[in-house]
Amino acid sequence: MAQQLEYYSGNRKQRVTVQGLFSSRQSSRSRTGEVQPMAFRVRPQSEGRQVLRLLAAQPSSVLSRFAVVSETTTMIQPVQPGDTTVIPTDTIAVLGAKTAELTWARREYGLTVVQEGSNGKVLLAVPGDADSPPLVGAEAARRLVERGSVEGAHPNFLRLVQRPGPGTTAETDQWGLDNDGTPGVAGADVAAEAAWTISTGDPAVKVAVLDEGVDTTHRYLQAAVSAERDFVDGNPTAQPDGDDAHGTACAGIICSRGSTVRGLAPGVGLVAARIAKSDGGDGWIFDDFNTADAIDWCWREGAADVLSNSWGGGPPVDVMTAAFRRARTRGRGGKGAVVVIAAGNQQGPVSYPGTLPETLTVGASNQWDQRKTTSSKDGESWWGSNVGEGLDVMAPGVSIVTTDISGRRGYSPRQTTPSFNGTSSATPFAAAAAALVLSVRPDLTEAEVREVIVSTTDHIGTGKPGWSKFVGHGRLNAFAAMRAARRR
């Protein structure tokens, strides 16, 4: 039976529908070979066990969020195919809690501190013998907020993010950097060749990639790495598991220094933060609390000037929102780190955290300078770029040539892939452009960097110039942004 899980985020009450694991369904493959995203609806009980197996394969940092993982106590959010879904854990994230509030939570609900994060974050666990621990935790979080002595409190979710599959067309050149019109429209690119006449990037400028890990030993990336950390398994490096190639592909778009694949900003530094692990299919799983800690580490210890986030979906939570706010206001010695976020791939509304204000939210365009839709000329009918409030710019996101993890278990058997897809690939283009702007004007604030980028885009689409819910301010032009930055 579905139930409403209620909590506060952004001083507003949020509601998430959850139900028992017996209603889950795993991803499958259609007769045409297209991957069908995970969906969670009322299904036979046996399929709920597939979700249990997914959770059982996760590291101890994930499993420790539950007193017991079972079909009777663990709950999941039902969503439409392709959407991010959440699993409420038996823990809640609390921001700015004083000793008196923690004592109250222990006395009233038996909550205990199981993890202390940075910047005043704590994770509290519901007792294992509680009836319906996720609902008990949500109630405790609501009451903590209503008492008025904490900065925030809410369920700590696991997020299961789905990604579009690789492109059907294997590009042989990097059209996103320099599009000669075969295929597509000449000039439907980020003007990289012109941008490089100004700068290929300052190594003192660093871009953080928060993802499922980055192959920091890759021969095209290794020289760029300035800091790395694993927030999933606690390792000192951000190396991905198995075939987790997504983060390596994102990093290559930013700063690959290879002879066959070049990033938009090959001269900048790379900060790699592993926040997620593969779900065994076409998506990955991560939790809110550790992700918030990773965000804080990137701008603080990692000294990142730009944070690139090719992920999103699910309900808003204060613990991640506050971490992004600290990056924007306290990063770069108070000038602020530029936060760049993917709009999402469901051809629906922009997904959280891309909905946050004062971030740079990126949609995907194709070789024809169209917004990527299920009916755009690229022929990839299984995904479309999200639209609506919060969308800032478009960038190339179809069949992007970039780096792949070493060995044969990535997107291709080589160390490069010709078909990386989604707003996941568009986002690092914008992050790299922000790094190039800072390379020529390191004194700019993060707000000024965003202003330069959105005010120098190329108009695409059929509407009038200016902001549109379909294409934001237009398609990214790195050269124009750098020229404008130098003239400020």
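Each position is counted from 1, following the chain as shown.
Using N, Cα and C of the backbone, Cβ positions are placed for all residues, glycine too.
The active site, charge relay system feature in TrEMBL is assigned to Asp211, His246, Ser424. According to TrEMBL, the domain 'Peptidase S8/S53' annotation covers 204-474.
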Cα-to-Cα gap, Ser424 (active site, charge relay system) vs His246 (active site, charge relay system), nearest whole Å: 8
Distant-in-sequence Cβ neighbours of Asp211 (active site, charge relay system), under 8 Å, six or more positions away: His246, Gly247, Cys250, Ala251, Ala272, Ala273, Arg274, Ile275, Ala276, Ser310, Trp311
Ser424 (active site, charge relay system), number of other Cβ atoms within 10 Å: 29
Secondary-structure category, per DSSP, in which Ser424 (active site, charge relay system) falls: helix
Cβ neighbours of His246 (active site, charge relay system) where a neighbour is any other Cβ within 10 Å: 30
DSSP three-state assignment for Asp211 (active site, charge relay system): strand
